[in-house]
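Have a look at this one.
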């Protein structure tokens, strides 16, 4: 029986228990806890430097009201980047290849930014639906287009993350299958294919980090429009 290439994206079940909860809990166990000592070790120092640099870069354009989201968005970025990186290991499952999970992250956070904008500055929030200086005949059409684009934002967040990770995993599996098949027939071509697979794996590591950063960056931009 030939397995489908998309079987790798099915949520694994062990003894009738879905392992999605375990995959979501594992990243929090991997990170070291802050120490009470005066001096940190190298791992804690590197981790603190990375979190500080990321938080400073994301929240520098925001005002003080948006800084309340620092803990939430920084934790989300660490969770996404860890899930994406762990999914590149053999015999693992990547929860962020599931559109349902990504939409569960995107929709509530996007909706929270919209609600904050409507509560704090409704005139400014509604003003985004109609650019200044729009001709009278185009006003209804532009309002409809801007409203649709507003509601497409969470869908774009979830689909972007899902599509990039799914495409990368499929490419790795296709090239690995090609290298395995070509090895007894054309060893030289198989070695070149394996080299290509190694380079693609490095690219996927970069994609895993970049997509987590882009997800949180776009959320911070949506927040910036509403605070």
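Here, residue 1 is simply the first one shown, and the rest follow in order.
Every residue gets a Cβ built from N, Cα and C, even glycine.
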Looking at 101-118, 119-136, which one does TrEMBL call transmembrane segment?
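In TrEMBL, residues 101-118 carry the label transmembrane segment.
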Under 8 Å for C-beta pairs, could you tell me which stretch among 69-89, 101-118, 171-199, 205-223 has the largest tally with the transmembrane segment (138-159)?
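Stretch with the highest Cβ contact count: 101-118.
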May I ask for the residues of the chain that lie six or more residues beyond the transmembrane segment (69-89) and have a Cβ under 8 Å from a Cβ within it?
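Those are 23-24, 26-28, 30-31, 51, 54-55, 58-59, 95-97, 105, 109, 161, 165, 169, 201, 204-205, 207-209, 211-213, 215-216, 219-220, 223, in sequence order.
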